[in-house]
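Participant: Feature list, courtesy of Swiss-Prot:
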type     : residues               : note
TOPO_DOM : 19-1113                : topological domain 'Extracellular'
DOMAIN   : 291-469                : domain 'VWFA'
BINDING  : Asp297, Ser299, Ser301 : divalent metal cation binding site
MOTIF    : 297-301                : motif 'MIDAS-like motif'
DOMAIN   : 485-574                : domain 'Cache'
TRANSMEM : 1114-1134              : transmembrane segment
TOPO_DOM : 1135-1150              : topological domain 'Cytoplasmic'
Amino acid sequence: MAVPARTCGASRPGPARTARPWPGCGPHPGPGTRRPTSGPPRPLWLLLPLLPLLAAPGASAYSFPQQHTMQHWARRLEQEVDGVMRIFGGVQQLREIYKDNRNLFEVQENEPQKLVEKVAGDIESLLDRKVQALKRLADAAENFQKAHRWQDNIKEEDIVYYDAKADAELDDPESEDVERGSKASTLRLDFIEDPNFKNKVNYSYAAVQIPTDIYKGSTVILNELNWTEALENVFMENRRQDPTLLWQVFGSATGVTRYYPATPWRAPKKIDLYDVRRRPWYIQGASSPKDMVIIVDVSGSVSGLTLKLMKTSVCEMLDTLSDDDYVNVASFNEKAQPVSCFTHLVQANVRNKKVFKEAVQGMVAKGTTGYKAGFEYAFDQLQNSNITRANCNKMIMMFTDGGEDRVQDVFEKYNWPNRTVRVFTFSVGQHNYDVTPLQWMACANKGYYFEIPSIGAIRINTQEYLDVLGRPMVLAGKEAKQVQWTNVYEDALGLGLVVTGTLPVFNLTQDGPGEKKNQLILGVMGIDVALNDIKRLTPNYTLGANGYVFAIDLNGYVLLHPNLKPQTTNFREPVTLDFLDAELEDENKEEIRRSMIDGNKGHKQIRTLVKSLDERYIDEVTRNYTWVPIRSTNYSLGLVLPPYSTFYLQANLSDQILQVKLPISKLKDFEFLLPSSFESEGHVFIAPREYCKDLNASDNNTEFLKNFIELMEKVTPDSKQCNNFLLHNLILDTGITQQLVERVWRDQDLNTYSLLAVFAATDGGITRVFPNKAAEDWTENPEPFNASFYRRSLDNHGYVFKPPHQDALLRPLELENDTVGILVSTAVELSLGRRTLRPAVVGVKLDLEAWAEKFKVLASNRTHQDQPQKCGPNSHCEMDCEVNNEDLLCVLIDDGGFLVLSNQNHQWDQVGRFFSEVDANLMLALYNNSFYTRKESYDYQAACAPQPPGNLGAAPRGVFVPTVADFLNLAWWTSAAAWSLFQQLLYGLIYHSWFQADPAEAEGSPETRESSCVMKQTQYYFGSVNASYNAIIDCGNCSRLFHAQRLTNTNLLFVVAEKPLCSQCEAGRLLQKETHSDGPEQCELVQRPRYRRGPHICFDYNATEDTSDCGRGASFPPSLGVLVSLQLLLLLGLPPRPQPQVLVHASRRL
């Protein structure tokens, strides 16, 4: 229906409104001038000249309510809520019940400093046991290898071992090893399920995993398998001394992984790309931190195919860097320039590497080769001392197709005679250039020369530079034998999130008497520690729902934190969540983080913002932070406590009860946990905690309660297999909440006050909902510590309203079944002497429809419940929320901006929505007037639905597709470029999953598997305005008056506004829901990097280093039979099988 045009001085349409000029009317804007469609609300005092008109004699019956009227309505609402909560909530009665049962519990104190020091000491002891096991393994490995005698004629059948991939290959009839019949040397094992490993294992053997692109029958690999077999006895002895050990792993520099206990490899659906040398823990243990500049030749001589190889090579090179490293990437021809927005070295973290990888794809070949420009740029980058960097190994990695210039003058100026910067050169592609200059550059600067003729050589040749960096470490001997602990990452064998202690293993052999000692690293020894094992050392339930322990490393990344919950993990990358991203960042937390990284002790009480568990709300709270370093590690431990969690209750079942040797099920209060009592005492949900070792967990609370009761039939109160603190507190709270039913709830008529349920939840893990039938619609988490209403009630004074949550699809609520309710809860504060604590939360569940009607009555001018106000034609009345709901909008909105109640019947099914989705203009006005403020943050642990592939029907990414004319051109087929392309096509088809998808696709196809992504979150919370406030939403003829006032002792805002009668003033909506984001602008973030410290040890130089071994190529000699068969397979459309390649260099002879 069209809206009638409005004119200045005219009354608003409709019979019920008083005649008055429209706010905002005045002289008509001149030609070419446009009145703004919306603007900030104006305070009502600006309209004082108009107020006489609002009540002019002879006007229509109703006017916009006065401020004192709306304040009166607000007081009535406050009194009604307070009255219901006093009668049914039972806060005071529950306090009395606790005091009446004072003999059944003790009040214990959390002493932050003692507590955090104890936990830090326990973690130190745990890790120290792993360190001792690591040292035994590393020493044994070095001795075994030193005693080993190299065998040139060793054969596969001479070596017996368990091939971890054998079972998967036997199940695959097309496997290369099945075809070659080489299983004679492979053991077949039986396995048993072990919950500690989340896997089936065999404790009598270790397993061996060899990368797909390494030929397991090569002499180097067979000798490696031969001498590492002796490690199995050391693995077993370590486990005998420490049964809690998890995976013990030796990652060899040849690519062989031997791990204990044996378990079948988790083979992916595509080609298995696992190579231990590319794992974060191996890279960290094999070398010291790096400052790396990658320079890429993009001159015109770099053909399309060669440039594609370079791009892929750079991306693979970036994957060998960790968060302790710094990097920049530049392209060069006549000039050098960075490929991205980064103008200096930046930390090689996941997000920065992503920027590089995307920027590298945009490189274009043109111009002429200018090595001098590229090297001068790289040396300038490394000499820049005004930025944060690793300050250890310095290196330049140059990718080129070849050239004649040796740029000796550049090296003389920047690097000689000390040669502090290593130069690694990479000849990329098939070409006829003289590679002598590239070899000379590498050899003259303590580096190495590599060849990458085709795609299959990329992985091996972009990681072997680590051998060179490991030389000073090997030559340093015992000084370099220091255990390092990694970032958090995802275990490849399914253990979940782990950290790994690493220790390098050195080659102690000498070529002969008086000869120089060997300077090759043999590999890295590693022992995993599951994060869950560390968490078990921290207090779980004595800190309360909002207290927690956290730990960070030298990068500020969290090792422990309740918000460390990655929804997906990238197999190839560590899980790096900064402490300031795990919480809402502020200056106080920056200071705490810096102090922890510096290894200091400290304590600080701060006011800070916290995000609710459901991520819909923000609360400003007080928190006490206490922190200490964990000795012998790079970690620091912190403890966070709210002031009300300084004390906690500990059940003290009397001697008489404990002397009863009958099962716990015979104790008095236990009967109130039985379902048979629910009808009279209300339904009980128990938190799914680890009360006893033999208790079977279940996501279904009814099933869990059943399991719990069955176990209690067998367990006595002092059983050693149970956690007495948890168990006794559960039974104590069962009895206390039952007394609340008996004293308060049972004798009250909930229907009188339109209540669907009353409830109580406790620190002890009990949630009691009354009456029993209300449990059918109870959707809150049975673990109070994981329930948003529980945690928010503890942090807020007064009554916390929680409307039903509506999902992002904006489906309306279903009101037909009369079970949609609004939770109102409050914490029970208990004072015992001078000790104050909050051991429980109580509340009610309001019937939405009934309370919406009640809301209209309370916000009306009725003088009696059943007597509406009367206004004659000559009398003046103010509009109210009941009689004038067609003209007046009245709502209650909570502190997050979500609709709680409305006087508009059509809005009842929108309760729980963000109010901007209900009335965008009004919500914007509230925000602009500081009733609400906004907090934006990023969730770096989100999971997003898979994006539809953008290259369906195309050739594998990075592969050049020749034209028909090329195929018909004989000269093209005989050229070196054609041969190079053919190799590229073959290896691209065989191994293209290296570049198409992440190896983690083992668990699902890319079409169905969620991927890690960044989501931008926006939450709203109450601003600085506490008083009653009147304003106008100025929008010309669509202007609206509104009034807003906070309700005392609640998290509600009472808003009264004129309803909009036209839509021409639609303003931009405030958004609250999560949105997909690229995160903050990385180019800006690197200009103000967060504080961090690198490892305190650095091995980048040793005067005895032998740099004569400085270069060789690695190409794959083609087999005519293989190539012909692969071509036939391609023509027939059959998928080719990868052929074994010897990717272990001769220098690896051990």
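Just so you know, glycine gets a Cβ as well, placed from its N, Cα and C.
Owing to the predicted nature of the structure, the values given are computational and were not obtained by experimental measurement.
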Participant: Should anything in the same chain at least six residues away from the motif 'MIDAS-like motif' (297-301) have a Cβ under 8 Å from its Cβ atoms, list it; otherwise answer none.
Facilitator: 307, 310, 331-333, 363-370, 374, 398-403
Participant: Take the mean position of the Cβ atoms of Asp297, Ser299, Ser301, the recorded divalent metal cation site. Which other residues of that chain put their Cβ within 8 Å of it?
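Facilitator: Close Cβ neighbours, site residues excluded: Val298, Gly300, Val302, Asn333, Ala365, Gly367, Thr368, Thr369, Thr400, Asp401, Gly403.
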Participant: Other than its own, how many Cβ atoms are within 10 Å of the Cβ belonging to Ser299 (divalent metal cation binding site)?
Facilitator: 19
Participant: Check Ser301 (divalent metal cation binding site) against DSSP and tell me helix, strand or coil, would you?
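Facilitator: Assignment for Ser301 (divalent metal cation binding site) reads coil.
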Participant: Quick one: among the binding-site residues Asp297, Ser301, which has the most Cβ atoms sitting within 10 Å of its own Cβ?
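Facilitator: When each Cβ's neighbours within 10 Å are tallied, Asp297 tops the list.
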Participant: When the pLDDT values for the topological domain 'Extracellular' (19-1113) are averaged, what is the result?
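Facilitator: So the average pLDDT across the topological domain 'Extracellular' (19-1113) works out to 85.
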Participant: Please count the residues of the domain 'Cache' (485-574) that DSSP assigns to helix (H, G, I), strand (E, B) and coil.
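Facilitator: For the domain 'Cache' (485-574), the helix, strand and coil counts are 5 helix, 35 strand, 50 coil.
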